[in-house]
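Asks: Sharing a structure below in structure tokens format, with a few things to ask.
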């Protein structure tokens, strides 16, 4: 029916993706060999959103795995669900991008991109009615950011009317893996603003905080972080995969969340998050879920929604619950915290309800918010970018791959424009508009 083709690129993307397929396979009752061992017809009814049925009743993920070095893919292949993927869908080079966006976008990545696109076409052709693509990648490295954005722009050319959803891990404020992260991230955002439809912004630091504070894990691993991300990824598409009372799909989400085409960077959250010890002491109710869902500590990227205002938001509930109660709770949030919502978009929270909760929970909720506070994150990256670019530090790595300084300047100003657009709508109020119109008439 409404298929989604999943693409994961680079080390970060492949690790998130691997975790995501564990979660989705588990939800649909698929074991690591691709065989169905579920207990409900609902698991199979729309399994083809993410899986292809192959010969002998095997289910194969519609996933494309790409990287410029074989390392991460080998570990995916030898991981718990490594044997479920179609072997031809592993596309990798041998050189690596060395955290260099230019290598991923212009040199090494460009050599590999055609073989990736062949696999993309093959997957898209086997779809009955393709809904869109979802891409997992990070913006700080070389492959996920450089080659990831190259692939997104190529897919955009070939499938202009399909949704393009990304799960992008941005560099964290305090934890840095690479010195050139600000360069790679800025060049990537420059691409994502133009070519993606919806970007779910994630960052490791916010995810670590959730693991420490909420889940009370003393030594969180990347596996724990990726598990959080995959909970959100599964929540976003659950309406496509399971029956529900109020459905949402990628396009409905976009229509409800994006008031202006460039402002499509979202904060995401998932509830309930409880530490293992205190799980059994919590009753799960719609008000409880709603409360945790809107909590700033619950956001998976390091921007504080209380520093901005929500343009729009979307809540995707899962489980048996009354839609009336969901609507009441959502209205309640908007009425009590009206200063955090822009008043010139009335009823700007969309909710949907899917009947089937995730494994092991009675009910859950996924939150997607389009908040002007996300500019904090862009601002932070932009400041680090400018600090280095002013001195032209590390630039030779990029110009050596044939890039021009001009491209850096363009990316920088595009990012700064984005920040000021968010600021402009944060400050806008319903009344102001009238005054301007009046002045124009007089003139």
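Using N, Cα and C of the backbone, Cβ positions are placed for all residues, glycine too.
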Asks: Going by Swiss-Prot, 11, 138, 142, 143, 144, 204, 226 bind GTP; tell me which of 69, 288, 325 is listed for that site too.
Replies: 69
Asks: At a 10 A cut-off on CB-CB distances, which of the binding-site residues 142, 144 has the highest count?
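Replies: Answer by Cβ density within 10 Å: 144.
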Asks: Of all the binding-site residues here, 11, 143, 204, which one's CB has the most other CB atoms within 10 A?
Replies: 143
Asks: Using only the residues recorded as binding GTP (11, 69, 138, 142, 143, 144, 204, 226), report the maximum Cα-Cα distance in Å, whole number please.
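Replies: Comparing all Cα pairs, the maximum is 23 Å.
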Asks: Hey, which of the binding-site residues 138, 226 is the loneliest by Cβ count within 10 Å?
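Replies: Result for the binding-site residues 138, 226: minimum number of other Cβ atoms within 10 Å at 226.
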Asks: Ten-angstrom check, please: count other Cβ atoms within 10 Å of the Cβ of residue 69 (GTP binding site), all chains counted.
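Replies: Step by step: centre on the Cβ of residue 69 (GTP binding site), count other Cβ atoms within 10 Å, giving 19.
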